[in-house]
């Protein structure tokens, strides 16, 4: 309830110089109660706190009546908008139409005026309503109502001479679209305007002199009765109460949503009551539309009381975001969804913000599960259910904030990555070529800080020509639209000219237009130097810096393609080089090769090319005016240069060489053919002895082809068991009995018959087949010897090649274990050639074999120039006299002396001496007389099969002459 002061003229606060008490239509200067009542009714009808009727006369404006004027402070212009227009003036900029954010800064949030126009068209003033709360809309019907009330004021002035009750009834009846009803002291209706009949559907006589209760619900009737009782108990002249929303009853029985306003007065004991009833069906429809917009809005929204902060409404989007059921949410308030430490600040913000609030930064809200979310809030003060409330829209920016945080972290990470890249990383603006980014490596390379570089172009950093080259290259990259790589790009730096490997790519904007140019430049200056060095090393021998085999083959191919003229290829193999390595060490061998290379370069012709092909092998391409004679002269110069002694770390070292020579195009037109035939010539030279050069002959290739066929057939023979072993007995010179048998390998070829070991053994040794053949012979011989009497040994020949690339000791051990043959029944025969390579290593292997219990025999003793030296280094169990000494034993004093010396050496070194090739009795008699321990030869038996040997072994005994 509220009391209104009536019949007073009030000047506008703070505007005394503009507004003053007016007398324009109150010629006697007396207050007008009717005008005061109209302004109060206007305030009730439109539910506004401020309503004003003002009059104008020239430059003077005066207030005729007002409600709530002193509660606001408004300038003069706020209430004079209607005086310039014959229509209702509405300040629509102050209307809140359910849109956020918005609003202004004035206390007036709603302002409408209707002009007071006389019947002669003169503007007398205006009827003004002002609200501090925004309105959703101001309908045409409401405009018409305000205009009607304004006209009512004008009519009242025109009917000033008529009685107050008649004038009021007449004006209200003609002016309002709301139902205006007067109730007498008996409770019956004494007056009802036309709108009353229109709203409730009754005829005038169905309302007049009838109780008003027929228009009202029982609930509203009770409220009216309570108000009347309160008024009658009071001593005041007038009492009004604020408009309330209620339900009226149509004649048809349909309930009508209404806004009910009433005023009660007394005058000298008489009692009267005025009622204004507004049909708010249209407003309810508007509110329903707002409610639907609120409920269905995808943005989470709350409405809460501005004082208690209790939630009054919440839409489905907010329930989903905060994970509350709607009834649970309506039990909360605006502080329940905020962190404890933020609640005081939230209270302060809600209290102090004006009509509209928009958060500058996301706030932290709490969901029903306790999880936190980041929210941007937009809020507006509104009237809701007749309460001052705040409508808040909360935009969830959690993912955006997380994405922003992740973006910031990613940017920090990428910045760190860019800074850590050892290559220069730069970014240019694609439009003007100015630098916008440079990493630390770029600063170091360019010798300029990024602060000094950013914003500059290549033309600010480099000379005109270089900058123009960069500009054109950048333009091509942007036009290409793809990654472009520029190899070996030169760049001038404070440290000198550098070579760069640059990769550039254009970076488009969101519209696909070139925005930036990203480049990564790797300083490859040192890398190129290393690559050049590696390229040189890949084609040159690291020890002598001569072209290597790969380079030599390339040069040879170029010579064949590019030069039709004749040239010669010389392949050179050093003799006795291994002995230098073995005796003085590999460092001495390396030094020998370096010195030897220099001699070869000095000995060659100006156009000749010398290369080291590997190990102790060299090659020379002899160019220019080449003849066989010039090639021979070159070969002699090389042989002469090489055979001269070398001074190696204080040691005088001598080596020799063998040279094979091929001529192009006579001996071949491809590099492979020339090298192959040069090797064949080299083999022949080595066979001829050191210091020899040999030209290729076609028969060499024929022999090589035959050897190849023989090698393949030998491989097949080993797999298909075409190899056989015969045994030749060795007898004791004193008893004539067999004490040992030598295993002799035979190859029975299916087409060629029996092939001599002298023909196929060299092929087996050259091809490596000797390893497999030798192991097979060992196992077969041991297996056979295990069937003989324990007093008979078996002798097996070992090739020098079995001492390399093969585990000889393991093979012997395996043969003994598989045959169960006692180790001391196995004799292994070797020749002096075993000691020509890996001397120390072969001595070590022989000692390992002796440790097994195996006996070691030196075959063909006396034929080598260093036989005596080997006796000092290794303790042989047997010495075998070569058959060349035995053949002329009885006719040559020299041979007899050699045989006698060998027998003497054997006795001195406690070694058994066996004579080979004994074919005559006188030879046997002489050897026995000289003290030879054992004899072997056709005199006793030719080589025979194992079966034949076993048959004769028990009964064989050679007759010894008495």
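Keep in mind that glycine also has a Cβ here, set from the backbone N, Cα and C atoms.
Note: TrEMBL annotation is automatic and uncurated.
These figures come from a predicted structure and were not determined experimentally.
The domain 'PAS' annotation in TrEMBL covers 174-235 (among others).
For the domain 'PAS' (286-352), the model's pLDDT averages out at 88. The domain 'PAS' annotation in TrEMBL covers 286-352 (among others).
What TrEMBL records for 325-352 is coiled coil. Tertiary neighbourhood of the coiled coil (325-352): same-chain residues 302, 304, 306, 308-314, 316, 318-319, 363-368, 372, 390, 392, selected by CB-CB distance under 8 Å and a gap of 6+ residues from either end.
Annotated domain 'PAS' per TrEMBL: 410-481 (among others), in sequence order.
Residues or ranges marked as domain 'GGDEF' in TrEMBL: 565-698. Mapped onto DSSP helix, strand and coil, the domain 'GGDEF' (565-698) counts 61 helix, 40 strand, 33 coil.
If you look up TrEMBL, you'll see 707-957 marked as domain 'EAL'.
Counting residues per DSSP class in helix, strand and coil order gives 33 helix, 12 strand, 17 coil for the domain 'PAS' (174-235). Shown for the domain 'PAS' (410-481): DSSP residue counts in helix, strand and coil, namely 42 helix, 10 strand, 20 coil.
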